[in-house]
Amino acid sequence: MSIYCALKVPEGCRALGLHHYRSHSVAKASPNLAFVPASPPPDAVEVEALQRFVSHSQRLLVMTGAGISTESGIPDYRSEGVGLYARTDRRPIQHAEFVRSASARQRYWARNFVGWPQFSSHQPNAAHLALRNWEKLGKLHWLVTQNVDALHTKAGSQQVMELHGCTHRVLCLGCGEQTPRSELQKRFEALNPTWSAEAHGIAPDGDVFLTEEQVHNFRVPACIRCGGILKPDVTFFGDTVSREKVDFVHKRLAESDSMLVAGSSLQVYSGYRFALAAHEKKLPIVIINIGPTRSDHFASMKLNSRCGELLPLIVPR
């Protein structure tokens, strides 16, 4: 079961199908550590403690953040020394700016157009595959991800809630029509046959850095159905997650007996609220994240290890 059905989303979303970006058989490759902060190897005592936690859990809810995808070569925002905020003074686009400013949308889509081929080619790493295996073995009750990269779905996970949406889908703000991002790429190419730009660094959500001069002549298509504004089907900074999604996760949390947070600092309230709710329900919470998180003080256990190094060591039983 996927969130497409569970949330009664518009028929256009179901019509996209997961096959557009799902890849069940993913070769195990060496992790890409360019955007992963340094961390010590897993401690044997901590590994055993995590094994006991997972073994004792009967209905485990897992919430993942950007730190689970950094080993796939996708940078995050907050990691010390290697995150976007540490490497540059650039900041992600705000929802209000995207909606009100045609030039902001032109800049965003030009950057996204250049970055999309590389971003969409990223593959799941050992952490994504481990969680997929946990689900297959009946250990994982539900997986809630704050990521928009579709890597859990590519890995084959099915009980997935994409809390902040997914960059592989595009939404019309006028009529609500949803289309695959790959189709929009073709429209960009048709509208900009002679346009080209060289990227200056990569950002976390599928775009790259370009100068104002580079994006000046880039043309952005409108919705084919109504002529409305096209936006990635993701929650931009400054926007809020829908009440329907929030309620859905709270229901899954109410059915769970424990919570694991993997690769999230929980600094964004949209994710932190669920850790807080789990704490209020007195559920045991384990956090795997390199660096401090907003919930360290009430976690049952905190491990400063790479998700892709630690999660595959756990055998659900």
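Including glycine, each Cβ sits where the backbone N, Cα and C put it.
Feature annotation from TrEMBL assigns active site, proton acceptor to His164.
For Ser69 (NAD(+) binding site), the number of other Cβ atoms no farther than 10 Å from its own Cβ, over all displayed protein chains, is 28. The NAD(+) binding site annotation in TrEMBL covers 65-85, 146-149, 263-265, 289-291, Cys307.
The Zn(2+) binding site feature in TrEMBL is assigned to Cys172, Cys175, Cys223, Cys226.
The domain 'Deacetylase sirtuin-type' feature in TrEMBL is assigned to 40-317. The average pLDDT computed for the domain 'Deacetylase sirtuin-type' (40-317) is 91.
Less than 8 angstroms from the CB of Cys172 (Zn(2+) binding site) sit Gln178, Cys223, Arg225, Cys226, Gly228, Ile229, Leu230, Lys231, each of them six or more residues away in the same chain. For the Zn(2+) site, the Cβ centre of Cys172, Cys175, Cys223, Cys226 serves as reference, and the other residues of the chain with Cβ at most 8 Å from it are Leu173, Gly174, Gly176, Glu177, Ala222, Ile224, Arg225, Gly227, Gly228, Leu230. Neighbour list (Cys175 (Zn(2+) binding site), Cβ cut-off 8 Å, at least 6 residues apart, same chain): Cys223, Arg225, Cys226, Gly228. The most densely surrounded of the binding-site residues Gly65, Gly73, judged by C-beta neighbours within 10 angstroms, is Gly65.
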